[in-house]
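Q: If you scroll down you'll find the structure; I have some questions about it.
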Amino acid sequence: MAFQQTLKNKVAFSGIGLHSGKEITLTLRPADAGNGIVFHRIDTTPPVSIEARTENVVSTRLSTTIGKNGAAVSTIEHLMAALFSCGIDNAHVDINGPEVPIMDGSAAPFVEGIRNAGSKSLSKSRKYLVVKKPVTIRDGDKRITVLPSRYYRISFDMHFNHPVINRQFRTMKFDRESFADDFSPARTFGFLAEIEALMAHGLALGASLENAVGIDDNGIVNPEGLRFTDEFVRHKILDSIGDFALAGVHLVGHVKACKSGHELNHKFITELLSRSDCWSLMELTPPENKTASFPISLPEMAWLEAC
C-alpha cells in the first residue's frame, strides 16, 4: 500500500502482565495519518502519552520498554510486530497498566484481533527507509548488519548452550501472510532456573506454561511441546520485527542478526537512523487515476534498482 493505514474499528485485549502478574487491558483505536503508534497510560493522573519511537526507549532488559514523563510501558515488542505486520501505521493504544499483556506469549492473538478490527487507508503516503549502504553494529560476539535489498528480509542466527536449542538459523522475506502463519504464533521462551531467579526479584510474576515455552535441563516442559521445531529462532525474528518497528518507517533492506536481543536491536536502529548517508527516505505517490488503496508490490520494489 502506498498510503498509511489505521484501524477501521476499536479492538481490546486483556490478559496478565508477564512481569507484574496483574490483569491489564489495552484498547487499540483508530488514529489520524502521521500520528504513528502512541501508547496512553490511562491509569496515571494525569494520563501520559508515549510515542512508540526509538528515542523513547528507556529499557531493554528482558523486553523493550518505552517511557516519558515518569510513565512507562514495557513488553511492547509483540504488539508492535503485530501492528506492523498488519500494515497499521497509526493507532492509539489505551492501556491501564505498565506493560502490554503477554497473552499466550506470541503475537498471534494481537494479529487475529487487529485483522478482525479491519484497516483503512488514510490520505498520507507511507514512508520507506531504503538501505543504500551496509550498516553494522557489534557487541562482543553479537552482531547486526543491514544490507541493501529490494525486500525487507531478516536472517537470524541464534546460539544457546543448551541441547534443546543449540544453534538455530532462519531467514524470512517479510510478507504479511507468512508472518501471521509462520512467525506470529512463535512464543517467548525461558529457562526455568532463570525464571525462578527473576521471580525471587519480583519479576516474571505472570510467567507460566500458558504464555511461554519453559525449558529445563531435560528439555521442553510444556506438555504440548513446540509449535514449530525452530520456534525459538522464529520468536527472535518476531521480537526483532517489533523492535525495528520503533523506527517509525518501513525498512527496505536485508537485516542479518547474530545472537542479538532487545538491547542490540535498539542500538542498531538508533545507529541506522543516525547514518542518513546510508539510506534514502522515500514516499510513494500513486498515479492520479488510482484510488488511495491501489495495490502496489511492497516491499518487493523493483523500482529500487533504479534509485
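Backbone N, Cα and C atoms are what each Cβ position is placed from, and that goes for glycine too.
Features from Swiss-Prot:
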| type | residues | note |
| --- | --- | --- |
| ACT_SITE | HIS262 | active site, proton donor |
| BINDING | HIS78, HIS235, ASP239 | Zn(2+) binding site |
Q: Provide the number of Cβ atoms within 10 Å of the Cβ of HIS78 (Zn(2+) binding site), excluding the reference atom itself.
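A: Result for HIS78 (Zn(2+) binding site): 30 other Cβ atoms within 10 Å.
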Q: Quick one: Cα separation, HIS235 (Zn(2+) binding site) versus HIS262 (active site, proton donor), in Å?
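A: HIS262 (active site, proton donor) has its Cα 12 Å from the Cα of HIS235 (Zn(2+) binding site).
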Q: Among all chains shown, work out which of the recorded positions HIS235, HIS262 has the most CB atoms within 10 A of its CB.
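A: The most densely surrounded of these recorded positions is HIS235.
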Q: Using DSSP reduced to three states, classify HIS235 (Zn(2+) binding site) as helix, strand or coil.
A: helix
Q: List the other residues in this chain whose Cβ sits within 8 Å of the Cβ centroid of the Zn(2+) site residues HIS78, HIS235, ASP239, in sequence order.
A: GLU77, ALA81, SER106, ALA107, ALA186, THR188, LYS236, LEU238, GLY242
Q: Validating a neighbour-count step here. Other CB atoms within 10 A of the CB of ASP239 (Zn(2+) binding site): how many?
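A: The answer is 24.
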